[in-house]
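Read the structure below first, then the notes.
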Amino acid sequence: MEWGSESGAVRRHRTGGERLDGPAAAQQPEREALAQEPLADACGGGARTRKRSGEGSGGGGASRGAGTGLSEARAALGLALYLLALRALVQLSLQQLVLRGAAVGRQGEFDAHQARDYLEHITSIGPRTTGSPENEILTVHYLLEQIKLIEVQSNSLHKISVDVQRPTGSFSIDFLGGFTSYYDNITNVVVKLEPRDGAQHAVLANCHFDSVANSPGASDDAVSCSVMLEVLRVLSTSSEALYHAVIFLFNGAEENVLQISLILSSCFISGPENPWLVQAYVSAAKHPFASVVAQEVFQSGIIPSDTDFRIYRDFGNIPGIDLAFIENGYIYHTKYDTADRILTDSIQRAGDNILAVLKYLATSDMLASSSKYQHGNMVFFDVLGLFVIAYPSRVGSIINYMVVMAVVLYLGRKLLHPKYKTATYTKDFFCGLGITLISWFTSLVTVLIIAVFVSLIGQSLSWYNHFYVSVCLYGTAAVAKIIFIHTLAKRFYYVNASGQYLGEVFFDVSLFVHCGFLTALTYRGLCSAFISAVWVAFPMLTKLCVQKDLKQHGAGGKFIAFYLLGMFIPYLYALYLIWAVFEMFTPILGRSGSEIPPDVVLASILAVCTMILSSYFINFIYLAKSTKRTMLSLTLVCTVTFLLVCSGTFFPYSSNPASPKPKRVFLQHITRTFHGLDGNVVKRDSGVWINGFDYTGMSHITPHVPEINDTVRADCEESAPLCGFPWYLPVHFLISHMSFYVRTHKGATLSQWSLGNGTPVTSKGGDYFVFYSHGLQASAWHFWIEVQVLEEQPEGVVTVAIAAHYFSGEDKRSSQLDALRERFPDWTFPSAWVCTYNLFVF
C-alpha cells in the first residue's frame, strides 16, 4: 500500500504504460482501481525515471505527481515540537509529586513534616561511619528515644517490642570484583509491631542509619529511616488491627558494603519469582514509580551499585521490594547530601507509598501463604507515575509472539504477494534495511570519533554540568549522519522513485527491526520485551488506520498530525525511559574511574537513543522535498558546540549551592611498612595518596595545586597485593575500618579459611580481599588461613597485607592532610582520612 496517491495517468506514465484516449479512457476508473497495488512496481528498485522538461499535459501531470512531498520546514519543525512536547509531558509527570498537602496531625495519615523533623535530627549528628560514636551511640540513642515516645502513644491494639543487636559474622559476595566481608559487634535496632496477641508471620522494612565518611547521608539513607519512624508512628496509633507483624530494622553498617541489611527510598523493583509483591505494590501504592526495566538493569550488573536488599535475597532467600532514589546522583556520598535538598513533597510521596504497601501486606492473607503465589516473574511498569500496569511474564510472552505474528503476516503479504514480487518490493525492502543499518552504524562511529577526540585533548566530561552540551554535540552529530546517509540513498540510489512508496518501504524496515528485537528479547525471557512490543504494535496499528484515508490526500499536514498521534504512546514512554537512563547514568559517569572514557559511554547511549527515536521518522526523509537546511542546521550546531568544547568553554564541575556537581577526590595520608621473609623492615614510606574518581584525573586540580601533577604518580608494587596501596574497596580499576589482603606465591594455593563459608573468594585481580569493620568495644580479630604448598619457595609462599582506615575522631586527621585539603577549589569534594599499610611475607 502506498502512503499517497497519484492519478491513473501518472501511474501509467511511471510504468511506461500507454496513454489512453477516447473510449478507452472511459474505462480508466475501473483500471485505476486495479492499478492501486502495482504502484510498488512503478516506484520499486527497477522503476527509475529520468527528469524531463517540456512534456505535454500527461507529462506535466507526471511531473507534479513526482514532485509532491512534505515541506522540509514543516516536517522538521513538526517533529521538533512533537518531541519537545513529549519531553514536557514527561517532566510534568515527574513533578506531580503530591497533589494534596501533607496531612498534618490527621489520624492514620503519613505526616511528612514529622518525618522531616526526624531527618534533620539524624543528619545534624554529622557523618555516621560504622564504629564511630556518632553512629554507635548518638544515632542509636536518638532512634531509641523516638521509638520509646512512639510506644507510649501507641494504640492498645498493638504491641511494640525493641531489641538492640550487636552481631558478628562474615560472608563473601560477588560484587565490585568479589571480596569477603567481616563485621564485628556492629549495631542494629529492631522494632517489632504486632497484634496484642502476637503473630506468626511478619513483613520486614529496612533502612540504614550509617553514612560514608565526610557525608551527612540524608538521602543515603537517613531519609528512609525517618520515613520508617513516621510509618511506625502511624501504624502504632491506628485503630485498625493488623493480621501480621511488621518488623522495622534500622541497621548501622550498610555502607560497609551491605554488611547488615525491603530498603526504603523511591524507585521500585521486586524480588524474582514473587509476583504477589508486585501485586501488593500495584494495589496499594498511591504514587507508583516502578519498572521491570530497572529491575533487569540492576540484576544485569550494568550499574556498578547494589543495595542491602541483596543480602536478604542472596543469603536469606527472602523476597522483597527494593526501592532506591535515582534523582540527583551528583550529590551521592558527598557533603552536599543534606536534609534541605530533600523536598518535603518527596518525603510525603515515599511515606504514602510505604505506609500503604506495609498496611496492605500486614492485613493480607498473601503473607501467610506466599508460596501459593510464586508463579513466575511479572511484567510491570508505571504510566507517568499515575498507575501501574502489571501482568505475568508468560502472558507477556504470548502477547509478544502475537504481535510478532501480526508483523509476519503484514510483511509476508507484501514480500510474497505476486504483485509486489514482480515490483521488486523485496529488493527495495532489503536494500532499505541495509541502508538503515549502515546509517545507524556510521552514526555510532561518528559520535565515537568525536568522543575519543574530545577525551584525548583533555575536554572529557564537558557535559557533566551542562547536559545540553552532550545533546548539541553528540545528538546532533548522530541525527545529521543518519539524515545524510538516507539523503545520499534517496538521491543516488532511488533516483526519482516515489517518495510515498519509499516512505512506506522504510516504515516497514523500521517495523521489521523492532520486531526482531521483540523476538530476541522475548526468546531470552526478558520482561523488558514489553517495550519492543509497544514499539511494534502501535506503529503498525497507526499505519493500518491511516493508510486508506491518506491515499486520497497525500503526505501533507494531515498526514503528519495523524502519524504523530499514532506514535504518541511509544514515543512518550521511550522518552520517559530515556530520562531515567540519563538520570542514573550521567552522575555515575562522574565517579566511574579513569579506565573508560565517559564521553565514549555517553556518546554511545545518545547514539542508541537517536537510532530508536529516529526509526519511525526515517520515512520522513523520503517524504520531504529536501533535507538540506535540516542537515546544515544540525551540522552548524554540532560544529559550534565542538569548537566550544575543544576551547574549554564548558567546565565540568560546579559548586553552585542550588545544583552542585562536585569533582570527587580521595585523599589518604598513608604510612606504609613492608616486611621481608625474615620479619625485618625492608621499606617504609609515607605520603598523601590521591585518587580522582573520574576520567579527567588531576588535570583540573593541577592549576590550583601545582604539586599534584604527572611527576608524582605512584608506581605499582608488583609483588604486593593490590599494588601495595591501602584500597578501601577492591576496586583499583575504579576506585574504626580495616582491609586484609592475601596473595599466594607460585606453587601455593589458598585452600580454605575461617571466613564466610570457608571457601576463599578472589577479587578481580586474583588477590584475596577481606573488608573488616567493627563497632564499639570489639574484641581482637582472630582468624586463620590454610595454604597448600606444592614445593618450598625461597621467597615464601604467601604475602599478607593489612590496611587500617581511620574515618572518625582526631585519628582521621593530620596537619599535612588538612593543609592540602584546604587548597582544593570549592568545586571539588575531597574526602580525606588517615590510613596505614603493613605487609608481611610468610
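The backbone N, Cα and C atoms fix where each Cβ goes, and this holds for glycine too.
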TrEMBL annotation of transmembrane segment - which of the ranges 79-101, 631-653 it falls on: 631-653
Beyond the flanks of the transmembrane segment (501-523) by at least 6 residues, Cβ under 8 Å: 1-3, 39-40, 42-44, 396-397, 400-401, 403-404, 407-408, 410-411, 414, 425, 428-429, 432-433, 436, 486, 490, 494, 529, 532-533, 535-536, 539-540, 543, 555, 615-616, 618-623
Positions on the same chain near the transmembrane segment (466-489), where near means CB under 8 A and six or more residues out: 435-436, 438-440, 442-444, 446-447, 450-451, 454, 506, 582, 586, 602-603, 606-607, 610-611, 614, 618, 621-622, 627, 630-631, 634-635, 637-638, 641-642, 645, 650
Any contact, the transmembrane segment (529-546) to the transmembrane segment (398-416), with at least 3 Cβ pairs under 8 A: yes
Winner by Cβ pairs under 8 Å against the transmembrane segment (631-653), considering only 398-416, 428-454, 558-582, 602-624: 428-454
Distant-in-sequence neighbours of the transmembrane segment (428-454), which means Cβ under 8 A and at least six residues beyond its ends: 44-45, 414-415, 460, 462, 473-474, 477-479, 481-482, 485-486, 489, 493, 502, 505-506, 508-510, 512-513, 597, 599-600, 602-604, 606-608, 610-611, 618, 642, 645-646
Long-range Cβ neighbours of the transmembrane segment (398-416) (under 8 Å; 6 or more residues past either end): 425-426, 429, 508, 511-512, 515, 518-519, 521-522, 529-530, 532-533, 536-537, 540
Distal contacts, the transmembrane segment (602-624) - CB-CB under 8 A, six or more residues away: 3, 69-72, 75, 79, 83, 436, 439-440, 443-444, 447-448, 450-451, 463, 470-471, 474-475, 478-479, 482-483, 486-487, 490, 494, 499-500, 502-504, 506-507, 509-510, 513-514, 535, 539, 555, 567, 571, 574, 578, 581-582, 585-586, 589
